[in-house]
Every structure is written in structure tokens, then in C-alpha cells.
Ligand code: NDP
């Protein structure tokens, strides 16, 4: 069984680096980070230019660009409602996107590839905080099982390429992310951008109260996407192994605390109410980040500051945020 003989080291700043999904929340942050770090040959394509579901087009693209490094941040992503309503889209599109990119990357011998999983693909009832070894040890959360199966297949593909071909590809497992470029749509967004939009609109309309779903007691962890992008490059330069690496902050907040922080950040002064007849979801979801900490990386953007920056971005992009 060939094991990689790769010793992680600084990536070549002049090599071609393909960021798949470079206009998305994570991909755009990775792109900014790589630019800041002096990478001079970044390649990206919008889905309108290159549909990663189109296998022939993906192989043609790799043949033309011959990237040496790949960050695979293109995926069909959505909140609980979208995942629950369109499971076959989340399963089929994600399988096709990631398989096409990784098959083409393999054919062209891409030296380092980073695949992104997600904390939501750990088993529903896994102990907290979530350790890397809990993957595939129990049943999935039914509302996003289709998405999770696709993502798990991606992590397995990275491991299989390592075993069969000895290429030093890796996977990272981000917690909930937020930041500039997030999806603020009313149907497809995650909890934090949804709260920012809801409270900003309530402030502007002078609403006396805003009602959120559930009790507000579930605990969640949030990582600013600029920290995530830093961690991605850090892993590419400092980690080589088959196991996915959790990327988070290692601490969590209640949804109630989160709502208050968002309300304070936007300057909303009305009441915050909770519709306790609506479901809460999983009580707690927190990553164990000891593996990443042992590798020498930790997050640097606090939640208050990160939310303030995201609110600023949201206000500056009223005409072009993702609705
Ligand atoms: P976004 O929705 O912000 O971005 C996804 C990107 O993928 C888009 O830019 C889109 O391109 C591209 N894309 C989607 N379908 C196609 C396609 N058929 N062909 C080409 N490009 C396509 O998602 P995120 O940045 O949030 O997520 C990126 C990765 O990070 C995903 O793998 C996700 O699972 C993971 N992740 C995200 C978390 C989060 O909280 N956001 C948490 C944990 C993991 P275009 O804009 O050009 O249409």
C-alpha cells in the first residue's frame, strides 16, 4: 500500500493554483488569502464559465491550465430547509462536482489538493466535541444525509487516491462559517447570515420585535471565513495525512447569545422573541480542534469582531449580496 512520502513545506508561489468555487464564501476567502500570500498564478472559473458537473469540460480545463495545486471549495451548499427539500440535488450535484474535479486532478497529477467536508456530516448523535475519528461511526442527521453522503464520498476519494497513487491530498472539516460573500437568501442561508439580514431589516423598518425559531438554547460554533482560508493554506503547507482535520474555534455560543450579538452589531433595539413551538435542531455541535491546535494553528478573529465586519460588508453590498 503506497503511503505518501511527502514532507509538507511552503507551496511554490509561482505555481498554478486552481481555486474551485472562487466566487463563493470559502473560495473567495481562499483566493484573497493566496493573493495576500503572494501567489501569482491563481485560476478560477465561475459556474457560468465552467460547470463542474460537466465532466468533459472539467477535463478540458485541467488539460489547458495544468494546475499544480487545487482547493476544492465548489459545492452545492445550503441551509437545513434547502437540504431537506432538494436532497437529490445535494447528493447528485456534489458527487459529480467533486468526482469530476478529483478525477481530472488525478489524471494531471495535481500535487496538493484540499477537499472540504463539513462538521454537519459527523453522526447526528456523536459525542461532543466532535473528534475526527467519529466520522462514519453512526447515523447521519436525516435532514442533510444526502449532502453528507456526498461529502463523505469526497473524503473517501481523497483517502483512496492517497492509498492507490500516493498523492498527498488532504481534507479539512470546517465548522459553521460566516463572513463577506456569505449567502443571505431567505431560503438558502445558514443561521448567522439569516440573523444579520433579519435584524438589519428589522432595524430599518423600526420593527418592535423579531421572532426567531426555537428556544435559542442550542449551542453552535462559528468561524470567520478569513480564518478558515488561513487554516486551508496552513494545512496545505504543514499537514499530510489521510484523516480529515477539523477546523473551528473550539468554543460555542447559544443561538440566543448569537442573536443578541447580531442585534447589537446592527444596532437593533427592539425585542428578541422565541417561537418555542418550532424545532430547535441538534442541542450542541462543537468541533474538537486539538489536532489542528497540535499542528500549530488557531483562529484569531473573535465572534464579536467577525460579526461586526460581516455586518459592514452586508451594508456595503446591499445591491449585490446573495439574495
Ligand atoms: P458557496 O455557496 O458560498 O460557494 C460555492 C461555490 O461553488 C460557488 O462560488 C459556486 O460558483 C460554486 N459552484 C457550485 N456549483 C458549481 C458548479 N456546478 N460548477 C462550478 N462551480 C460551482 O459555498 P461555501 O463557500 O459556503 O462552501 C464551500 C465549501 O465549504 C463546500 O464544500 C461546503 O461544504 C464547505 N463548508 C461550508 C460551510 C459554511 O458554513 N458555509 C461550513 C462547512 C463546510 P458560482 O458562484 O460561480 O456559481
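Each residue, glycine too, has its Cβ placed from N, Cα and C.
What TrEMBL says about this one:
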{"type": "ACT_SITE", "residues": "147", "note": "active site, proton donor/acceptor"}
{"type": "BINDING", "residues": "21-27, 116-119, 151, 174-177, 190", "note": "NADP(+) binding site"}
{"type": "BINDING", "residues": "198, 213, 220, 280", "note": "substrate binding site"}
{"type": "DOMAIN", "residues": "18-248", "note": "domain 'NAD-dependent epimerase/dehydratase'"}
{"type": "SITE", "residues": "118", "note": "site 'Important for catalytic activity'"}
{"type": "SITE", "residues": "120", "note": "site 'Important for catalytic activity'"}
Exercise. Cα-Cα separation of residue 280 (substrate binding site) and residue 120 (site 'Important for catalytic activity'), in Å?
Worked result: 15
Exercise. How many Å separate the Cα atoms of residue 120 (site 'Important for catalytic activity') and residue 174 (NADP(+) binding site)?
Worked result: 9
For this session: In whole Å, note down how far the CA of residue 220 (substrate binding site) lies from the CA of residue 21 (NADP(+) binding site).
Result: 25
Seminar exercise, completed: Expected list for ligand 1 (Cβ under 6 angstroms, binding-site residues 24, 174, 177, 220) reads 24, 174, 177
Exercise. Here are the recorded positions: 147, 213. Which has the lowest count of other Cβ atoms within 10 Å?
Worked result: 213
For this session: Determine, using Cα-Cα distances only, which of these recorded positions is closest to residue 220 (substrate binding site): 24, 27, 147, 174.
Result: 174
Exercise. What three-state class does DSSP give residue 220 (substrate binding site)?
Worked result: strand
Seminar exercise, completed: A correct count of other C-beta atoms within 10 Å of the C-beta of residue 177 (NADP(+) binding site) gives 25
